[in-house]
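According to TrEMBL, the protein carries these features:
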DOMAIN    A:23-468  domain 'Amidase'
ACT_SITE  A:Lys77  active site, charge relay system
ACT_SITE  A:Ser157  active site, charge relay system
ACT_SITE  A:Ser181  active site, acyl-ester intermediate
Amino acid sequence: MLTGMKITEAADGLRQKKFSAEELTKAHLNAIDKLNARLNAYITVTADAAINQAKEADKKLASGDAPALTGIPLAIKDLFCTKGVKTTAASRILENFVPPYESTVTSNLLRDGAVFLGKVNLDEFAMGSGNLNSAFGAVENPWKRKGEDTFLVPGGSSGGSAAAVAAQMAMGATGTDTGGSIRQPAAYCGITGIKPTYGRCSRWGIIAYASSLDQAGPMGKSVEDCAIMLQSMAGFDPKDSTSVDKEVPDYRAACNRSLKGMKIGIPMEYRAPGLSPEIEAVWQQGINWLKDAGCEIVDVSLPHTKYGLATYYIIAPAEASSNLARYDGVRYGRRIAGDSLDELYANTRGAGFGDEVKRRILMGTYVLSAGYYDAYYLRAQKVRKLIYQDFMNVFDKVDVLLTPTAPTAAFAKGENQEDPVQMYLNDIFTVPASMAGVPGLAVPAGLSSQGLPLGLQLLGRPFGEETLFAVGSAMEKAANFTHKPTLLAGGSL
Amino acid sequence: MEVELTDKKQDSVLDKKIVQRVAKLSSLAVKEDELATYAADIGGIINWMEQLNEVDITNVQPMVGTEIAQLRLREDVVTDGECKEDVLSNAPERIADFYAVPKVVE
Amino acid sequence: MSYVIEGSTGPWEVVIGLEVHAQVISQAKLFSGASAHFGADPNMHVSLVDAAFPGMLPVLNRECVDQAIRTGLGLNAKINLMSRFDRKNYFYADLPQGYQISQFEFPIVGEGTIEIELDDGSVKNIGITRLHLEQDAGKSIHDLAPKETCVDLNRSGVALMEIVSEPDMRSPEEAGAYLRKIRAIVRYLGTCDGNMEEGSMRADVNVSVRKAGEDYRTRCELKNINSIRYVMQAIEIEAKRHVEIYENGGEVDQETRLFDVARGETRTMRSKENAHDYRYFPDPDLLPLIVEQSHVDHLKSTLAELPDDKRNRFQSEYGLPRYDANVLVAEQDIANFFEKVAKGRDGRMASNWVTGELFAVLNKKGLTIHESPVSAEALGGLLDLIADNTINGKIAKEVLEDMVETGDMPADIVERKGLKQVTDTGAIEKVIAEILVANPDKVEQYKSGKDKLFGFFVGQVMKVMQGKANPAIVNELLKKQLS
C-alpha cells in the first residue's frame, strides 16, 4: 500500500522509481475519496492541483534535481492561507475566502516539492481541543475503542490534520499549536507532532488565534518524518517580526544522535492525583526506555506550571478578541447586511462565528476591558513570566523534560462538553510549554486498555528541537508503536 | 497537576448586563436567550481564573514577546502595494475601487 | 492683557491643550512596504497588511522611528530608549484591523517643552507631554454613493506622530502660536511637511473654561481640525459655549465634538457617541522597541538647525532685532531665502527688503516664497546696486517692480532704463540753480525761516532729474546754495 508508507520510505521509493509521485498522490486521493465522507478530515480537496503538482514532481525526480519533499502528498490545516485555494479557518465567516497569497510555511513546503492534497478541518479559528467546533462539522477519530463504534474526537485544534495522517489520507500534515493543538491531537490519533520553539516557523499567512503563542509545526507518522517536514517549514522570515533569525539545523541528522549522558527531567507537578493509572504506566515506561538508552533521570519541579491553564485562558482569548476584530464583513469573508455599519458588524460577526469563538471573544474582551486589564491580562503575563522562568531554571539542570501529552485518551463526542472548563483541561499538559515558548514533541507510546493510543511529550530548551528529535527517535524505537486505527485507507469500513 | 473546578453557579461574577456591554464592545450580535448562558459560562471561567490571585507576582515583569528575540526593523523602501485587485478580490461589496459599507453618519 | 471671556458672572479663563497628528515623512508606511505618498488612485497604495488580510503581520519601519526621535529632539524632549506598541481596539469602517497600532503606555518620546512668541513680543513655554507613533486610518467618503460610505485604504497604516501638549495655553492666539511653532519645527527637521490643508497635520483641541484660581473643569475634545485659523475659531466658540452652559446653571459633558466651520458651531460627534473602552494591550505581533543611546546621539548630531537656534544666529550674525529674526525664521524657506540675500551684504538691509518690499509683492500676487518671481540672487544684486551707489533706494523700488514683471536682472534694468544715479555735482548744481531761479518767492520764504520748504526744493530737483540724483549730494548742494 502506497498510503501505508512513511515519508522517508516514500522518498526512497520515488527516487528508486518504484512508483511515481502521481501514483502516490492518486493513492492518497483515493483514500480521501473513500474515507473523507465519514471522517470529515478535509474541508477542501484540491485533487486536480495535487495531480498537477505530482506530475511536476515526477519531472523533477527524473531530472535528479528534487528537494527532500518532492512528490510527498501532504494535508494543510485550513488555517494556512493558500494562494487561490479557499481558506476558511473552519469558520462561516471565512467560508468563501480565497487568499491571493501563500503563507510562508506552505511556500517553504512547495519550494521543497511537496504536493498539497487539500485543506484539513480544525476547530474554528483553532479554538478547541476536540475538533467539535468546526463550522464544517466535527472530525471523527479513525481510532475506535475495542469493540465499539462510538464517535471519538481526534483532538484539536489540528484534528483534521491528525485524523488525515492517522487514516493514511496524507503522508504528513501541517498543524498549528497555540496551547497544545498539534501535540494533543497527535496523541489522540497515535501519530507524532512537534510544536517548535515560538519564532522558529513564520506566522506570516497563518490565520492568527493568539499571536504570542501560535506556532506552526509538522504532524507525521514518525519522528524522522516530522524532522524532514520541519526542516522545510522552519526558517527566518523578515515578514514576521517575531520570527527568529537563526540557522535551521539538520533535524533529520539529529534523529540518530546518541543519548549517552543526557539528563531527562521528570516534573513532579505533572503527577496529579487524578492522572489515570494507564497514563501513569505509559509515562513510567517512557522513563525506563530513556534510562535504557543511557539517559540520567532527574526529578524536577516546575512550581508555577499548574497556573498555566488559567493563564492561557486569559492571554489567548484576550489576543484572539483583538485578532478576530478584522473579520467584519467589509473587505473579505461573509457579510450579513444591516441597516447601519454597527448592525452590519454585529450581524456578520454574530452569525459568522460559532459559539466557542464567540465565548472566547467575549471573554477576551472582558479581561481587557477598562478596570480589568491589571487584574487579569497583566497578572497573567506576570504569571507567564514565572512559568517561563521555571522552565529556564530546570533547563539549567536537565536537557529534556518527559511528561504525558494528554490526561486521557481520545474522548467521545458528547463527553466533557457540559462545562467549558472541563474541556479546557485536555490541554493541561501541553499549555505550560506554549506559555514558555519552548518546543514540545508528542510521540505515541502505547495503547490504553480500550485500545486507544496514548502519547508522551518531550519538552526542550528554546531552539532545542534537535535534542527533542534525538530523544524522540530513541523513544519511538523503544515503543515500537505499530498499531493502526480501525478506519484506514485500504482497511475495512 | 491539581486544578480546582469551582462551582460556577454559586456566584457568577458576570451578569447579563455585563455580557451585553462586552458583546457591544466586540461587535457581536448576541440573542437575549444566549446572554444568560454566556454569563454563566464566562462567569465560571472567570471564577476559575481567580486561582491566579494566589501567585505572588511582586516585582515580576510581565512576559513580553518570547524573551528570546528583539524587535527587528524594516528599511524605508516601498516594496508592496499597487495590488488593488488583490486587495479588493474578496470584497463582499465594492463601488468602483472602493470598499462599500452602509452610510456612516459622523 | 490676558485673554478672558466676559460672562454675566465675570471673567472666565480658557484652558487649552492640543494633540497634533503629524504625518511622518517616509517612503513606506509604518508597518508595511506600501507607499506612504499622497494622491494615488483609491486603494492603490495598499498592501494586504494595510487591508488587514488574515495572517498578515506588521514590521516596523526604521525611518519612521528615526523621524519620531528627531522630532522629539526638536521638542527638547526625553527620548525613551524602550518603547512599545499597543493595540487600541475599536470598530470603524476605515480601521481594517479592528485596532490601531499605537503607543499607549510607553511612548517613544516623553516630556519636553517649546517656546512660543506672541504678537506683543512676550515669550511663553508650553509643555509637551509626549510624542508617540501610530498608524493612520483609511478614509471614509460619504458623498460618493447615496446609501453607502466608500472606503479607501491608501492612508491606512501611514505613520503618524501624535504630539500631545500640556494644558498650558490660555488663548486662541497661544494655540495658534503653538501650532505654528510645531509646524515650523517639523518642517525644519523634515519629519512632516506640516500641510494642514492636505491633512498631513491635524489637531485635536481640548478646551475647558474656569474661573481664576479654580481647578480644571470638564473639557471637550474638538476632533480633526485642519487649519490654524479654524483651531483658533473653534476654541473661541467652544469656550463661549461652556461659559453659557455654566452661567445657565448647567454642566458640560465630557465628549468628543466636531467643529462645523460653515455653521460656526461645535456639535457632538455621532460616531463617537459611545464612550469608548479601547482595551489597550501590547501588540503581540511586535516586540518592545529598543533604541541605543548612541543612535539617538547620532541623530542629534545630524539634526537640522531648529527655528529658535536660527533666530538666535540671525540676531547675532546679522544684527537683526529679535522680532525681525522671528519673522524670517517662521518658515524655513523664507529663512533660507533671506540668508542667500544677506550673505556678504548688510543683514538688516537684506531683512528689510525681504520682509518689506518682497513680502509686499508676494502678498499682492498671492505667491509663496517658493514661487517668488525674484530670486534671492537677483534681490541680492539689487542690494549691491544700492550699496555701490549705482541707484538710490527709491529707484531700487522701481527696479524691483520691473524685475517682478520682466524677470530681468536689476543691472540690466538700470542699464535699459538709464536709471543710473547721477553723482556728477556739476549737473546737480546746474539743476538746483535753475530751480532756485524759477522760485524766488519760495527761496525768500525759506530764508525767512520756513525750513519745511527744503523738502519742496529736493522734490523739485528729483523731479527734474527723474529721481536719479543721489539724494545725499542733492541735500548737501541745496543746503550750500540756500545758505
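Even glycines carry a Cβ here, placed using N, Cα and C.
Please treat TrEMBL annotations as automatic predictions, because they have not gone through curation.
In this view, A:Ser157 (active site, charge relay system) is surrounded by 35 other Cβ atoms within 10 Å of its Cβ, with every protein chain counted.
Cβ neighbour count for the residue listed as 'active site, acyl-ester intermediate': 37 (other Cβ atoms within 10 Å of its Cβ, all protein chains included). In the three-state DSSP scheme, the residue listed as 'active site, acyl-ester intermediate' is classed as coil. It is 10 Å from the Cα atom of A:Lys77 (active site, charge relay system) to that of A:Ser157 (active site, charge relay system). For A:Ser157 (active site, charge relay system) paired with A:Ser181 (active site, acyl-ester intermediate), the C-alpha to C-alpha distance reads 5 Å. When other Cβ atoms within 10 Å of the Cβ of A:Lys77 (active site, charge relay system) are tallied across all protein chains shown, the result is 33.
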